[in-house]
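Student: Below you'll find the structure I mean.
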Amino acid sequence: MADEKHLNVNEEMNPKPRHKGKHDKPKPWDDPSIDHWKIEKFDPSWNESGLLEVSSFSTLFPQYREKYLQECWPIVKGALKEHGIACELNLVEGSMTVSTTMKTKDPYIIVKARDLIKLLSRSVPAPQAVKILNDEMQCDIIKIGSMVRNKDRFVKRRQYLVGPNSSTLKALEILTGCYILVQGNTVSAMGSFKGLKQVRRIVEDCIQNKMHPLHHIKILMLKRELAKNPALASENWDRFLPQFKKKNVKQKKVKTKEKKPYTPFPPPQPPSKIDQQLESGEYFLSDKKKLAKQWEEKQVKQAEKVAENKKKREEAFVPPEEPKRHNQDVSNVDKDDVTAMASSLKKKAKEFRKQKSIDKIDAEEFIAGSSKTSKKKSKSSR
(Lines of atoms letter the chains of each structure in order from A and count residues from 1; the text may use other names and numbers.)
(Lines give C-alpha, C1' and ligand atoms only; values in the text may rest on other atoms or scores of the structure.)
Protein backbone atom coordinates (compact mmCIF):
# COMPACT_ATOMS: atom_id res chain seq x y z
CA MET A 1 0.00 0.00 0.00
CA ALA A 2 2.84 2.30 0.92
CA ASP A 3 4.54 1.58 -2.43
CA GLU A 4 1.33 2.39 -4.36
CA LYS A 5 0.96 5.69 -2.49
CA HIS A 6 4.58 6.49 -3.23
CA LEU A 7 4.05 5.80 -6.96
CA ASN A 8 0.91 8.00 -7.10
CA VAL A 9 2.79 10.86 -5.45
CA ASN A 10 5.64 10.49 -7.95
CA GLU A 11 3.16 10.51 -10.85
CA GLU A 12 1.50 13.68 -9.52
CA MET A 13 4.87 15.35 -9.04
CA ASN A 14 6.27 14.24 -12.40
CA PRO A 15 3.31 13.67 -14.80
CA LYS A 16 3.93 11.86 -18.08
CA PRO A 17 4.17 14.14 -21.13
CA ARG A 18 0.80 13.98 -23.00
CA HIS A 19 1.17 13.69 -26.74
CA LYS A 20 -0.78 16.39 -28.57
CA GLY A 21 -1.55 14.14 -31.52
CA LYS A 22 -2.43 11.03 -29.59
CA HIS A 23 -5.21 10.09 -31.98
CA ASP A 24 -3.68 11.85 -35.02
CA LYS A 25 -2.24 8.68 -36.43
CA PRO A 26 -1.52 8.40 -40.17
CA LYS A 27 -4.68 7.45 -42.01
CA PRO A 28 -4.76 5.40 -45.21
CA TRP A 29 -6.65 8.18 -47.04
CA ASP A 30 -4.10 10.88 -46.08
CA ASP A 31 -2.29 10.45 -49.34
CA PRO A 32 -1.51 13.40 -51.68
CA SER A 33 -2.13 11.15 -54.71
CA ILE A 34 -5.83 10.77 -53.72
CA ASP A 35 -8.18 13.45 -55.07
CA HIS A 36 -10.81 13.89 -52.36
CA TRP A 37 -12.98 16.09 -54.60
CA LYS A 38 -13.28 13.46 -57.29
CA ILE A 39 -16.78 12.02 -57.61
CA GLU A 40 -16.55 8.29 -58.22
CA LYS A 41 -19.11 6.58 -60.39
CA PHE A 42 -21.65 4.57 -58.43
CA ASP A 43 -21.16 0.82 -58.48
CA PRO A 44 -24.37 -1.27 -58.00
CA SER A 45 -22.35 -3.77 -55.96
CA TRP A 46 -22.15 -1.18 -53.15
CA ASN A 47 -25.88 -1.54 -52.52
CA GLU A 48 -27.02 -4.98 -53.68
CA SER A 49 -30.06 -5.11 -51.40
CA GLY A 50 -31.56 -1.90 -52.88
CA LEU A 51 -33.78 0.61 -51.08
CA LEU A 52 -36.22 -0.28 -48.32
CA GLU A 53 -38.65 2.64 -48.77
CA VAL A 54 -40.15 4.28 -51.85
CA SER A 55 -39.19 7.94 -52.37
CA SER A 56 -40.97 10.13 -54.91
CA PHE A 57 -40.94 13.71 -56.12
CA SER A 58 -43.40 15.55 -58.35
CA THR A 59 -43.41 18.97 -60.01
CA LEU A 60 -45.92 20.99 -62.01
CA PHE A 61 -45.21 22.24 -65.53
CA PRO A 62 -46.76 25.13 -67.53
CA GLN A 63 -49.38 24.42 -70.18
CA TYR A 64 -47.17 25.53 -73.08
CA ARG A 65 -44.72 22.67 -72.25
CA GLU A 66 -47.39 19.96 -72.51
CA LYS A 67 -46.97 19.20 -76.22
CA TYR A 68 -43.16 19.07 -76.06
CA LEU A 69 -43.16 16.83 -72.95
CA GLN A 70 -45.52 14.38 -74.67
CA GLU A 71 -43.09 14.11 -77.60
CA CYS A 72 -39.89 13.74 -75.56
CA TRP A 73 -41.28 11.60 -72.70
CA PRO A 74 -40.03 8.28 -74.18
CA ILE A 75 -36.44 9.65 -74.09
CA VAL A 76 -36.84 10.70 -70.43
CA LYS A 77 -38.46 7.40 -69.50
CA GLY A 78 -35.65 5.40 -71.14
CA ALA A 79 -32.93 7.43 -69.40
CA LEU A 80 -34.55 6.99 -65.98
CA LYS A 81 -35.21 3.28 -66.54
CA GLU A 82 -31.46 2.62 -66.79
CA HIS A 83 -31.11 3.84 -63.19
CA GLY A 84 -34.21 1.99 -61.94
CA ILE A 85 -36.45 5.07 -61.58
CA ALA A 86 -40.14 5.06 -62.52
CA CYS A 87 -41.66 8.23 -64.01
CA GLU A 88 -45.19 9.37 -64.80
CA LEU A 89 -46.55 12.27 -66.90
CA ASN A 90 -49.98 13.41 -65.72
CA LEU A 91 -51.56 15.70 -68.34
CA VAL A 92 -54.78 16.16 -66.35
CA GLU A 93 -53.06 17.67 -63.31
CA GLY A 94 -50.14 19.03 -65.37
CA SER A 95 -47.47 17.32 -63.28
CA MET A 96 -44.46 15.01 -63.60
CA THR A 97 -43.64 12.39 -60.94
CA VAL A 98 -40.51 10.29 -60.35
CA SER A 99 -40.21 7.50 -57.78
CA THR A 100 -37.80 4.75 -56.75
CA THR A 101 -38.46 1.06 -57.49
CA MET A 102 -37.15 -2.30 -56.31
CA LYS A 103 -34.46 -2.10 -59.00
CA THR A 104 -33.04 1.24 -57.73
CA LYS A 105 -29.57 0.79 -56.28
CA ASP A 106 -28.15 4.34 -56.13
CA PRO A 107 -29.85 6.23 -53.28
CA TYR A 108 -28.90 9.66 -54.68
CA ILE A 109 -30.33 9.07 -58.16
CA ILE A 110 -33.83 10.07 -57.02
CA VAL A 111 -32.51 13.58 -56.24
CA LYS A 112 -31.02 13.69 -59.74
CA ALA A 113 -34.37 12.58 -61.18
CA ARG A 114 -36.09 15.38 -59.25
CA ASP A 115 -33.67 17.90 -60.79
CA LEU A 116 -34.39 16.42 -64.24
CA ILE A 117 -38.16 17.03 -64.04
CA LYS A 118 -37.52 20.53 -62.64
CA LEU A 119 -35.31 21.38 -65.61
CA LEU A 120 -37.86 19.97 -68.06
CA SER A 121 -40.58 22.17 -66.53
CA ARG A 122 -38.29 25.22 -66.95
CA SER A 123 -38.02 24.76 -70.76
CA VAL A 124 -34.63 22.97 -70.82
CA PRO A 125 -34.52 20.62 -73.86
CA ALA A 126 -34.80 16.91 -72.98
CA PRO A 127 -31.38 15.84 -74.45
CA GLN A 128 -29.69 18.52 -72.33
CA ALA A 129 -31.76 17.85 -69.18
CA VAL A 130 -30.97 14.10 -69.26
CA LYS A 131 -27.26 14.93 -68.73
CA ILE A 132 -28.09 15.84 -65.11
CA LEU A 133 -28.21 12.10 -64.32
CA ASN A 134 -24.41 12.00 -64.64
CA ASP A 135 -22.55 12.28 -61.32
CA GLU A 136 -20.29 15.11 -62.54
CA MET A 137 -23.21 17.32 -63.63
CA GLN A 138 -25.10 19.53 -61.17
CA CYS A 139 -27.91 22.06 -61.67
CA ASP A 140 -29.15 25.30 -60.14
CA ILE A 141 -32.46 27.08 -60.82
CA ILE A 142 -32.12 30.78 -59.88
CA LYS A 143 -35.38 32.62 -59.19
CA ILE A 144 -35.05 36.20 -60.45
CA GLY A 145 -38.71 37.27 -60.60
CA SER A 146 -38.87 38.61 -57.03
CA MET A 147 -35.56 40.54 -57.18
CA VAL A 148 -37.00 43.61 -58.97
CA ARG A 149 -40.46 45.10 -58.43
CA ASN A 150 -40.69 47.22 -61.57
CA LYS A 151 -41.55 44.99 -64.55
CA ASP A 152 -39.87 47.23 -67.16
CA ARG A 153 -36.61 47.27 -65.21
CA PHE A 154 -36.78 43.49 -64.74
CA VAL A 155 -37.21 42.89 -68.50
CA LYS A 156 -34.37 45.33 -69.31
CA ARG A 157 -31.93 43.72 -66.86
CA ARG A 158 -32.89 40.21 -67.94
CA GLN A 159 -32.05 41.26 -71.50
CA TYR A 160 -28.57 42.33 -70.31
CA LEU A 161 -27.93 38.65 -69.40
CA VAL A 162 -28.92 37.45 -72.87
CA GLY A 163 -27.26 40.28 -74.83
CA PRO A 164 -27.59 41.01 -78.56
CA ASN A 165 -28.09 37.73 -80.49
CA SER A 166 -27.42 35.84 -77.19
CA SER A 167 -23.74 36.84 -77.39
CA THR A 168 -23.41 37.64 -73.65
CA LEU A 169 -25.00 34.29 -72.70
CA LYS A 170 -22.65 32.37 -75.02
CA ALA A 171 -19.62 34.12 -73.53
CA LEU A 172 -20.78 33.27 -69.99
CA GLU A 173 -21.33 29.63 -70.98
CA ILE A 174 -17.77 29.37 -72.40
CA LEU A 175 -16.10 31.06 -69.39
CA THR A 176 -18.06 29.27 -66.63
CA GLY A 177 -18.35 25.93 -68.44
CA CYS A 178 -22.09 25.78 -67.69
CA TYR A 179 -25.25 25.50 -69.76
CA ILE A 180 -27.43 28.58 -69.05
CA LEU A 181 -31.06 29.13 -70.05
CA VAL A 182 -32.99 32.33 -69.27
CA GLN A 183 -36.72 31.57 -69.25
CA GLY A 184 -39.47 33.69 -67.68
CA ASN A 185 -38.79 34.37 -64.00
CA THR A 186 -35.96 31.83 -63.66
CA VAL A 187 -32.44 31.12 -64.91
CA SER A 188 -31.59 27.42 -65.25
CA ALA A 189 -27.91 26.46 -65.12
CA MET A 190 -26.13 23.09 -65.49
CA GLY A 191 -22.46 22.41 -64.81
CA SER A 192 -19.88 21.96 -62.05
CA PHE A 193 -20.27 23.38 -58.54
CA LYS A 194 -17.64 26.08 -59.19
CA GLY A 195 -19.29 27.16 -62.45
CA LEU A 196 -22.77 27.24 -60.89
CA LYS A 197 -21.48 29.44 -58.08
CA GLN A 198 -20.08 31.92 -60.64
CA VAL A 199 -23.32 31.88 -62.67
CA ARG A 200 -25.47 32.58 -59.61
CA ARG A 201 -23.29 35.52 -58.62
CA ILE A 202 -23.34 36.99 -62.16
CA VAL A 203 -27.13 36.61 -62.45
CA GLU A 204 -27.85 38.14 -59.04
CA ASP A 205 -25.46 41.07 -59.63
CA CYS A 206 -27.10 41.78 -63.00
CA ILE A 207 -30.72 41.65 -61.81
CA GLN A 208 -29.96 43.66 -58.65
CA ASN A 209 -28.04 46.21 -60.80
CA LYS A 210 -24.77 45.72 -58.89
CA MET A 211 -22.55 44.86 -61.89
CA HIS A 212 -23.12 44.40 -65.61
CA PRO A 213 -22.44 40.88 -66.99
CA LEU A 214 -19.83 42.32 -69.41
CA HIS A 215 -17.70 43.43 -66.43
CA HIS A 216 -17.93 39.90 -65.00
CA ILE A 217 -16.86 38.51 -68.39
CA LYS A 218 -13.77 40.75 -68.40
CA ILE A 219 -12.86 39.61 -64.87
CA LEU A 220 -13.32 35.92 -65.74
CA MET A 221 -11.15 36.31 -68.85
CA LEU A 222 -8.37 37.94 -66.81
CA LYS A 223 -8.59 35.20 -64.15
CA ARG A 224 -8.28 32.55 -66.86
CA GLU A 225 -5.12 34.22 -68.20
CA LEU A 226 -3.66 34.63 -64.69
CA ALA A 227 -4.31 30.95 -63.88
CA LYS A 228 -2.04 29.93 -66.78
CA ASN A 229 0.95 31.61 -65.06
CA PRO A 230 2.33 29.24 -62.35
CA ALA A 231 4.27 32.11 -60.67
CA LEU A 232 0.99 33.90 -59.83
CA ALA A 233 -0.86 30.77 -58.68
CA SER A 234 -0.31 31.45 -54.96
CA GLU A 235 -0.62 35.27 -55.13
CA ASN A 236 -3.61 37.56 -54.65
CA TRP A 237 -5.07 38.63 -58.03
CA ASP A 238 -7.00 41.70 -56.83
CA ARG A 239 -4.28 44.08 -58.07
CA PHE A 240 -4.60 42.70 -61.61
CA LEU A 241 -8.40 42.77 -61.77
CA PRO A 242 -10.19 45.95 -62.94
CA GLN A 243 -12.26 48.00 -60.51
CA PHE A 244 -15.52 49.13 -62.07
CA LYS A 245 -17.14 52.19 -60.59
CA LYS A 246 -20.88 52.67 -60.73
CA LYS A 247 -21.97 55.72 -62.73
CA ASN A 248 -24.37 58.14 -61.11
CA VAL A 249 -27.54 58.16 -63.17
CA LYS A 250 -30.02 60.95 -62.62
CA GLN A 251 -33.14 59.52 -61.12
CA LYS A 252 -36.57 61.03 -60.86
CA LYS A 253 -37.13 62.81 -57.60
CA VAL A 254 -39.91 61.26 -55.62
CA LYS A 255 -42.46 63.83 -54.53
CA THR A 256 -42.79 63.62 -50.78
CA LYS A 257 -45.90 64.98 -49.12
CA GLU A 258 -45.30 67.31 -46.22
CA LYS A 259 -46.29 65.68 -43.00
CA LYS A 260 -48.92 67.63 -41.13
CA PRO A 261 -48.45 68.08 -37.39
CA TYR A 262 -50.02 65.26 -35.43
CA THR A 263 -53.24 66.11 -33.64
CA PRO A 264 -55.14 63.62 -31.48
CA PHE A 265 -58.48 65.16 -32.47
CA PRO A 266 -60.20 64.09 -35.69
CA PRO A 267 -60.78 66.67 -38.47
CA PRO A 268 -64.03 68.67 -38.29
CA GLN A 269 -66.97 67.02 -39.99
CA PRO A 270 -67.91 68.72 -43.29
CA PRO A 271 -71.31 70.47 -43.24
CA SER A 272 -74.17 68.44 -44.67
CA LYS A 273 -76.55 69.62 -47.40
CA ILE A 274 -79.24 70.51 -44.82
CA ASP A 275 -76.69 72.58 -42.83
CA GLN A 276 -75.78 74.51 -45.97
CA GLN A 277 -79.47 75.13 -46.74
CA LEU A 278 -80.04 76.34 -43.15
CA GLU A 279 -77.11 78.79 -43.47
CA SER A 280 -78.36 80.23 -46.78
CA GLY A 281 -82.01 80.27 -45.61
CA GLU A 282 -83.11 78.03 -48.47
CA TYR A 283 -84.35 75.39 -46.04
CA PHE A 284 -87.24 77.62 -44.92
CA LEU A 285 -88.44 78.49 -48.45
CA SER A 286 -91.55 76.90 -49.88
CA ASP A 287 -91.41 74.45 -52.77
CA LYS A 288 -92.69 77.10 -55.22
CA LYS A 289 -89.98 79.59 -54.23
CA LYS A 290 -87.33 76.87 -54.39
CA LEU A 291 -88.38 75.93 -57.90
CA ALA A 292 -88.45 79.61 -58.93
CA LYS A 293 -84.96 80.13 -57.52
CA GLN A 294 -83.64 77.05 -59.33
CA TRP A 295 -85.22 78.25 -62.57
CA GLU A 296 -83.58 81.70 -62.17
CA GLU A 297 -80.17 80.10 -61.56
CA LYS A 298 -80.68 77.91 -64.61
CA GLN A 299 -81.57 80.97 -66.74
CA VAL A 300 -78.47 82.85 -65.54
CA LYS A 301 -76.22 79.88 -66.36
CA GLN A 302 -77.89 79.50 -69.73
CA ALA A 303 -77.39 83.22 -70.55
CA GLU A 304 -73.68 82.94 -69.60
CA LYS A 305 -73.29 79.90 -71.80
CA VAL A 306 -75.04 81.62 -74.74
CA ALA A 307 -72.81 84.70 -74.39
CA GLU A 308 -69.71 82.49 -74.28
CA ASN A 309 -70.75 80.56 -77.40
CA LYS A 310 -71.56 83.82 -79.23
CA LYS A 311 -68.14 85.19 -78.36
CA LYS A 312 -66.48 82.04 -79.70
CA ARG A 313 -68.44 82.29 -82.99
CA GLU A 314 -67.58 86.00 -83.41
CA GLU A 315 -63.86 85.28 -82.92
CA ALA A 316 -63.82 83.62 -86.35
CA PHE A 317 -64.96 86.89 -88.01
CA VAL A 318 -62.46 89.19 -86.24
CA PRO A 319 -59.84 90.30 -88.84
CA PRO A 320 -56.25 89.67 -87.90
CA GLU A 321 -54.15 92.64 -86.83
CA GLU A 322 -52.12 94.14 -89.64
CA PRO A 323 -48.41 94.37 -89.04
CA LYS A 324 -47.39 97.89 -88.03
CA ARG A 325 -45.23 99.65 -90.58
CA HIS A 326 -42.43 101.77 -89.29
CA ASN A 327 -42.92 104.51 -91.96
CA GLN A 328 -42.77 107.42 -89.53
CA ASP A 329 -39.57 106.22 -87.99
CA VAL A 330 -38.08 105.56 -91.42
CA SER A 331 -39.13 109.03 -92.69
CA ASN A 332 -37.54 110.70 -89.65
CA VAL A 333 -34.36 108.75 -90.21
CA ASP A 334 -34.41 109.67 -93.94
CA LYS A 335 -34.92 113.36 -93.15
CA ASP A 336 -31.99 113.36 -90.79
CA ASP A 337 -29.84 111.68 -93.43
CA VAL A 338 -30.88 114.18 -96.13
CA THR A 339 -30.10 117.24 -93.94
CA ALA A 340 -26.72 115.78 -93.03
CA MET A 341 -25.96 115.11 -96.69
CA ALA A 342 -27.07 118.63 -97.74
CA SER A 343 -24.86 120.30 -95.12
CA SER A 344 -21.88 118.17 -96.13
CA LEU A 345 -22.44 119.03 -99.81
CA LYS A 346 -22.61 122.75 -99.03
CA LYS A 347 -19.34 122.59 -97.16
CA LYS A 348 -17.69 120.74 -100.04
CA ALA A 349 -19.04 123.32 -102.56
CA LYS A 350 -17.60 126.23 -100.53
CA GLU A 351 -14.21 124.53 -100.30
CA PHE A 352 -14.30 123.85 -104.04
CA ARG A 353 -15.05 127.52 -104.84
CA LYS A 354 -12.23 128.76 -102.62
CA GLN A 355 -9.86 126.36 -104.34
CA LYS A 356 -11.03 127.55 -107.75
CA SER A 357 -10.55 131.23 -106.88
CA ILE A 358 -7.00 130.52 -105.70
CA ASP A 359 -6.28 128.72 -108.96
CA LYS A 360 -7.56 131.71 -111.11
CA ILE A 361 -5.18 134.37 -109.58
CA ASP A 362 -2.99 135.98 -112.31
CA ALA A 363 0.71 136.49 -111.52
CA GLU A 364 1.06 139.36 -114.03
CA GLU A 365 -1.14 141.65 -111.92
CA PHE A 366 1.45 141.56 -109.14
CA ILE A 367 4.46 142.19 -111.52
CA ALA A 368 5.55 145.86 -111.78
CA GLY A 369 5.61 147.54 -115.21
CA SER A 370 3.29 145.16 -116.81
CA SER A 371 1.28 146.21 -119.94
CA LYS A 372 -2.08 145.80 -118.28
CA THR A 373 -1.32 148.22 -115.48
CA SER A 374 0.01 150.85 -117.91
CA LYS A 375 -3.14 150.62 -119.97
CA LYS A 376 -5.28 151.13 -116.93
CA LYS A 377 -3.19 154.10 -115.85
CA SER A 378 -3.32 155.70 -119.24
CA LYS A 379 -7.05 155.36 -119.27
CA SER A 380 -7.29 156.91 -115.88
CA SER A 381 -5.03 159.85 -116.95
CA ARG A 382 -7.24 160.60 -119.93
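Glycine too: its Cβ is placed from the backbone N, Cα and C atoms.
Note that TrEMBL annotation is computational and uncurated.
Pulled these features from TrEMBL for this protein:
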type     : residues : note
COMPBIAS : 1-15     : compositional bias 'Basic and acidic residues'
REGION   : 1-32     : region 'Disordered'
COMPBIAS : 16-25    : compositional bias 'Basic residues'
DOMAIN   : 55-135   : domain 'KRR1 small subunit processome component first KH'
DOMAIN   : 137-228  : domain 'KRR1 small subunit processome component second KH'
COMPBIAS : 248-258  : compositional bias 'Basic residues'
REGION   : 248-275  : region 'Disordered'
COMPBIAS : 304-338  : compositional bias 'Basic and acidic residues'
REGION   : 304-382  : region 'Disordered'
COMPBIAS : 352-363  : compositional bias 'Basic and acidic residues'
COMPBIAS : 373-382  : compositional bias 'Basic residues'
Student: Need one number: mean pLDDT over the domain 'KRR1 small subunit processome component second KH' (137-228).
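Tutor: That stretch averages a pLDDT of 92.
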Student: Per DSSP, what is the residue count of the domain 'KRR1 small subunit processome component second KH' (137-228) in each of helix, strand and coil?
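Tutor: Taking the domain 'KRR1 small subunit processome component second KH' (137-228) as a whole: 56 helix, 17 strand, 19 coil.
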